[in-house]
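Working notes for the structure below.
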Amino acid sequence: MLLLLLGIIVLHVAVLVLLFVSTIVSQWMVGNGHATDLWQNCSTSLMGSVQHCFSSSANEWLQSVQATMILSIIFSVLSLFLFFCQLFTLTKGGRFYITGVFQILAGLCVMSAASIYTVRHPEWHFNSDGSYGFAYILAWVAFPLALLSGVIYVILRKRE
């Protein structure tokens, strides 16, 4: 049981790291000397040093991506906190429903953010020769992992 709990905690922390990195790092869209994330657009020189950074568009679609990514982090942190609280207060045989629901909500929020970005990014990125960066891919990787950990929490029963 201890090994199972450790595995679940490691999975949850991995999801949190993926969510934080994908939200913070400036690599959602890259190409031809520029890198774009949810917060700013940066141009780089041939040597790789950052030349100019300016705030991202105030487009409402981009703001919805920002909001849902932040919500996914909040839900996942809250889920981890609730898991530790329930670990010590839940009666024997009880299930971690609340923890699982918040983790599933985190997964759905990150899926919504990545989907909105995929569909609507041409509206605020006019450069069509770019490609998706690693932070965008990390967001998509965090989605199934968050759902998986949420389902594991819902199925998991507390033992002594």
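Just so you know, the numbers here start at 1 and follow the chain as drawn.
Every residue, even glycine, has its Cβ placed from backbone N, Cα and C.
Membrane topology as recorded by Swiss-Prot puts Arg95 and Lys158 together on one face. Sequence-distant contacts of the transmembrane segment (134-156), counting only residues of its own chain at least 6 positions beyond either end whose CB sits under 8 Å from a CB of the stretch, comprise 4, 8, 11-12, 14-15, 18-19, 21-23, 25-29, 37, 69, 72, 76, 79, 83, 95-97, 99-108, 110-111, 113-114, 117. Under DSSP, residues within the topological domain 'Cytoplasmic' (92-95) fall into helix, strand and coil as 0 helix, 1 strand, 3 coil. Counting every protein chain shown, the number of other Cβ atoms lying within 10 Å of the Cβ of Asn41 (N-linked glycosylation site) is 19.
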